[in-house]
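What TrEMBL annotates here:
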- 15-82: domain 'DUF1206' (DOMAIN)
- 97-166: domain 'DUF1206' (DOMAIN)
- 188-257: domain 'DUF1206' (DOMAIN)
- 17-36: transmembrane segment (TRANSMEM)
- 56-74: transmembrane segment (TRANSMEM)
- 103-121: transmembrane segment (TRANSMEM)
- 141-160: transmembrane segment (TRANSMEM)
- 190-211: transmembrane segment (TRANSMEM)
- 231-252: transmembrane segment (TRANSMEM)
Amino acid sequence: MSDPDFSWAIKMMRAGYAGRGLTYLIVAGVSLYTIWQGGSAEGTQTVFQYLEGTGWGSVALFLIFAGLVAYAIWRVTCAIYDLEDYGTDGEGLIARAGQVTTGLIHGALGIAAFLLLFSGTSGGDQSGVAKAAAAVMEWPGGRWIVGFAGLCTIGAGIYYGHKAWTEAYREHLIGNEFTLNWNWVLKAGVMAQGVIVGIIGVFILYAGITANPNEASGLGGVWEFLGGQPFGQFLVVLICIGLLGFAVFCFVNARYRIVPKATEKDLTTLAAEMKARAT
């Protein structure tokens, strides 16, 4: 029996990573521009609202919507069919559950862009993370669910940091001149994403501990927290630049990501290429 044809999923993956990269590119770019103009870095929803008021913003919002929905479909499909070969043991099932979770989160961001594009509203001024926390806290045991979600998000941030430090992402990318020369940008980008996700996780955990959903916050809260630290503006700019690196990481994945069960079998990974050149 021949293997199933997942070429459609690869196309969805490319569109999804491109949409994800565009999102982070615009969020980081607008934030850096705002800082340069004497303002402060902005959260995702605020950036979406900024786009809605520009001449080119509608096109960008539509591309973000389409890309993030494609990314959500890709992640869920990847988890169901185990396209990245994580397996069915405990560790593999956790990884696949994480794929579904990240897919749903990015799908929700895509829907926010869609709502702003076609209805002129993204659902109010409260952060999407805070609104989600408030909704969950209405459930029986909701604050504990929120707290657990915070711990999981912190774990995801640590995972990103470990992934950057060990350069584990190289196992999933094709090795060529471009990925070799830009590896340092990819590493910085993944590390910056880890910092952001980890801080968001702390916010969510604290919201669960205090039973106050308003303590949960997204990217806007991260900028506010970092800005309040010593050398805060420098830290915000540094992480914004790192977020640009993560946008590059997403674009590189759109073009060069290896999917074990859906792409060619004889592709050389970036890790193997770097090891070969080092010997």
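Each residue, glycine too, has its Cβ placed from N, Cα and C.
As a summary of secondary structure, the domain 'DUF1206' (188-257) carries 60 helix, 1 strand, 9 coil according to DSSP. Count of Cβ pairs under 8 Å against the transmembrane segment (190-211): among 17-36, 56-74, 103-121, 141-160, 231-252, the largest is for 141-160.
Cβ atoms under 8 Å from those of the transmembrane segment (231-252) belong to residues 17-18, 20-25, 27-29, 31-32, 35, 40-41, 169, 173, 178-179, 182, 185-186, 188-193, 195-196, 222-223 of the same chain, restricted to positions at least 6 beyond its ends. Summed and averaged per residue, pLDDT over the domain 'DUF1206' (97-166) gives 84.
In terms of DSSP secondary structure, the domain 'DUF1206' (97-166) contains 58 helix, 0 strand, 12 coil.
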